[in-house]
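Summarising the annotation, TrEMBL assigns domain 'Metallo-beta-lactamase' to 547-754. Feature annotation from TrEMBL assigns transmembrane segment to 6-23, 30-47, 53-72, 242-262, 274-294, 315-331, 400-421, 427-449, 456-474, 494-511, 518-535.
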Amino acid sequence: MVKRPSIWILCLFMLGIVCNKYICSVFDFIPIFFIISLICFLLFHYLKVKYAIQTDTFLLVLPIVFFLGFYLPDYNDQINHLSDSFLNCELYVKGTVKNVLEKASYQEIYLTDVRIQRDNKVSVLTELVVQEDSFVECLIGNHVLVKGIITEFDRATNPGQFDMKAYYKAKGICYRVWNGKIEKNEPSKIPMYKWIYNGKQSVSSTFNKALEKEDSEILHAMVLGEKSELTKEIKELYQKAGISHILAISGLHISMIGLFLFKLLKKMGLHHNFASIVCMVLVYLYGIMTGFSVSTNRAVVMMCLSLSACLVSRTYDSISAIAVSGLVILLQQPYQLFQSGFQLSFLAVFGAVWFYPVCRDYLNWLVPDYEKKMQRKEKSEYHSLGVFLNRVSRVFRSSLLASCCIQCLTLPVMLCSFYEVAVLAPILNLVIIPVSSILILLAVFIGIGGSIWLPIGKMLGLLVHGILVFYQVMCKKFAGIPGQVLLTGCPEKWQIVFFVFCVLLFVWHVQCKKKKEVGMLLLIGTVILCLNVPVNGLEVTVLDVGQGDGIVIQDRQGVTCMIDGGSTSVKGVGTYRILPFLKYSGIKELDYCFLTHMDEDHVNGIKEMIEISRKYGSVKINTLVLPSISMADEAYIEMVRLAKMTGIRVMYMERGQKIQTKDLSIKCLHPPYEFAVDDRNSASLVLELQYGSFRMLFTGDIDEIGEKSVLASGYFNGKEYDVLKVAHHGSKYSSCKEWLDATRPKMAIISCGKGNRYGHPHKELLDRLQKYKGEVRRTDVNGAICIKARR
């Protein structure tokens, strides 16, 4: 008989969703569906013959489950699709408020049962988000009428960049309303929503009054699910230490709050069954109040299943409960399967309830009767201190093993999502998680007791402050340990497959008691997964930084360079575009960072990176390379000062100088030192990259004056370039006819922002490029552009 049918159902449902994402044609789906149906039928027949009484009829339903998983994402896309006539124009939106999240300068209002009206046309969506900046009070359940412009979310255009479109699509939301103005705001007729809102506001107000500002912000995230007020410093500190998971509402929070409520109801004299029902209702309402994130949804479903098992006198099975909660979430939002939040939440629980017992059995197999010896030793101890120390030692070992198991299973997702891992996080979690249980209970007491009598909340707030200060001290200690944060970059697919194979083979060997040496296989799989595979040859990536420039160069010897890094259209370009790509690529430090000139759209991202590296020890710049010019302006002097203040070596290049590594050569063609002009653009660094027979030309924002200076040097005589990075974002005042005649590029790359106010790239420039019949690629159209070359 097949155990845990819910696991089988979940696996087939997820397989259907995966096939929907990666199989475009229905004709490719049909043979897969046929094979799965045949396997399920043969397995059902085999079990029916082997077990004459017990049969697993659910196996015959699995092909239907697989088909449902394949069909559901398409169905969701259909019901959440708007025609182009509704986009990028002002119209009216009606809906019911599902959740409200406050940001720094605006609030996000999540609407459900949405009706959109433009003239006489009406369209319906299941969900939509409104970004509104006047902070009108909207209660959950209110019916609102909003006027605004509907747009789609931005997709990620660079490797490593946060994909806003995929994130919201996983929530079932495909559109947003920009600059929404609330025309009507009618309260719900259902009083429950008002009670929830009032309860949340009461707890929030009590936190603000009873706690210090920073403590209140952390408890808002941990208890109410509101992370918008958390400072960047706290987020970064907790992430570097590997305990950022405590800032999200998880199973620990729900179980602690649920058990507290259950025992409180029992103490109040309620019957066991009635207390279970009331507790389930309260936990569900808590989920509504906090917005039902994936981790909250999973924890609420598992808690309700646990309480339901008591009601019907059945045994609660954690693994089956995990599968059921996964099905509940994916039936509502199938695209959550591809989000790191969903993956981390479920893999962490699987690590605790499935992988930990396997690893514990393996250690008992390696050291037979070890636990029994320890228990006998405890009984033989005459002193209570000896018994206590032995028990503490046993709890410490089991907790450390459980923490390591969770980190092991979540490792592939961590590396694919954040590109780094906190190596010592399992040890720190041994201290943090037990204290978190106390912290959550204190938060509940402050929220409830402080609402009744504020001095109670303030007294308990002193304990909360002590715990959070302890957290910060521990995080800083661990984050300061060399090698604590291992930056690996995004692993290759074959590395992930190999790691999963090693884990499954390890589990099989332990369960079948095959070979004791199988533990080495798990270690090898982990090491292979964490290896940063070097590029094969040369890779030049022109990033999409909006209206600006940002180019990253890597070769197989590990040499890393960057040419410019800035934008005038993307805020925080260093934080949200450049650094994520460098981490994605596993780049820990830049050997050389070339700044062609000091315009903000070429340097502000580099300034950000220097500040972030100084504060948090992120990607380091070893050498800053600037044009050697006789006339240095204030921005130039300020950049030199910033570099020297942070310990970055400053190097100056002029025409004829060259940086040479084993395979890579970067030569400066412009400016000569005596080149004196008032315009920064004219004095931009012009660099020639050579890797074997491959040549690429980088031109900064050089204009026609600078181009003629280079042409007059006679350097281009008889040379051709594989790739030309077009100057000044495609301005018509650069890349003159003589310049293009001399360089004769096979490919031209333009870095510019979508819909920029300068009109880049200009039509005149595009017409000039077309005459040379080379390929033209643009970051505003193609996103990041990666050029690969071999010697």
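For all residues, glycine too, the Cβ spot is worked out from N, Cα and C.
Just so you know, TrEMBL annotations never went through curation; they're auto-generated.
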Whether the transmembrane segment (427-449) meets the transmembrane segment (242-262): three or more C-beta pairs under 8 angstroms: yes
Contact between the transmembrane segment (242-262) and the transmembrane segment (274-294) (at least 3 Cβ pairs under 8 Å, separation 6+): yes
In contact by Cβ distance (the transmembrane segment (6-23), the transmembrane segment (518-535); 3 or more pairs under 8 Å): no
Chain residues in Cβ proximity to the transmembrane segment (6-23) (below 8 Å; excluding those fewer than six residues from its ends, i.e. six or more beyond): 29, 32, 36, 58-59, 61-63, 65-74, 319-320, 323-324, 326-327, 330, 334-335, 337-338
Beyond the flanks of the transmembrane segment (400-421) by at least 6 residues, Cβ under 8 Å: 160, 239, 242, 340, 343-344, 347-348, 350-352, 355-356, 359-360, 363, 427, 429-430, 433, 485-491, 496, 499-500, 503, 522, 526, 529-530, 583-584, 586
